[in-house]
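J.: My structure is below; once you've seen it, I'll send some questions.
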Amino acid sequence: MTSLKTSIKTITYLSDTGCLEIQGASLLYKHHVTANHITLTALALSLFTGLLLVLVAQPILFLLLPIVLFIRMALNALDGMLARECNQQTRLGAILNETGDVISDIALYLPFLFLPESNASLVILMLFCTILTEFCGLLAQTINGIRSYAGPFGKSDRALIFGLWGLAVAIYPQWMQWNNLLWSIASILLLWTAINRCRSVLFMSAER
């Protein structure tokens with residue numbers, strides 16, 4: 001009977017927080033796993049993988065990149081789910097989420113610099129443009145209160161393209177001769193994305 005009462009109380013409590021709607025979120029919530037824990041786990045995984053790829057600059061290890069990028073995207077979705085559905089949205093969480101995304105991007109894409117046939121300046125330019133796109137997205141939130149996720153080369157797009165490229169150069173090392181072309185195209189797409197995110201700020205401001 002006591003166990004039944006405890007279960008009812010738990011269900012009621014989880015229902016109040018909204019966690020009951022999603023089984024995975026409620027399970028994590030009951031085990032005291034918070035959205036911030038998930039965010040930090042994704043960041044730690046990205047940093048560890050990036051460090052490994054830098055220290056052991058072997059193309060075959062880039063097989064890890066698509067796997068880690070997929071896990072990272074899944075963790076990002078999960079931390080957002082926990083934050084929304086379990087009333088865990090906090091200012092600290094917002095800071096960890098935004099800074100974690102940028103640091104993770106740098107950690108996972110910087111190792112491309114150490115691949116043969118990679119021009120260091122082009123990789124650094126690409127990383128700068130990556131940071132710029134995220135800054136412009138946050139700029140929209142600062143001005144209009146709504147973060148801009150305008151494309152064409154947002155976070156998920158980058159994860160897909162760079163994950164596939166990591167897989168490609170691991171299996172076909174000769175494809176690394178096209179590295180600099182990819183970095184150049186990526187930089188152009190990132191600048192285009194940054195411009196679109198700034199334009200979204202202007203359009204939303206004009207509508208108001």
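Each Cβ is built from the backbone N, Cα and C atoms, and glycine gets one as well.
Pulled these from TrEMBL:
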TRANSMEM  38-71  transmembrane segment
TRANSMEM  92-114  transmembrane segment
TRANSMEM  120-139  transmembrane segment
TRANSMEM  159-175  transmembrane segment
TRANSMEM  181-198  transmembrane segment
J.: For the transmembrane segment (92-114), I need the partner stretch with the highest count of C-beta pairs below 8 angstroms, choosing only from 38-71, 120-139, 159-175, 181-198.
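T.: Counting Cβ pairs under 8 Å, the winner is 38-71.
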J.: Are the transmembrane segment (38-71) and the transmembrane segment (181-198) close enough to be called in contact, which here means at least 3 C-beta pairs under 8 A that are separated by 6 or more residues?
T.: no
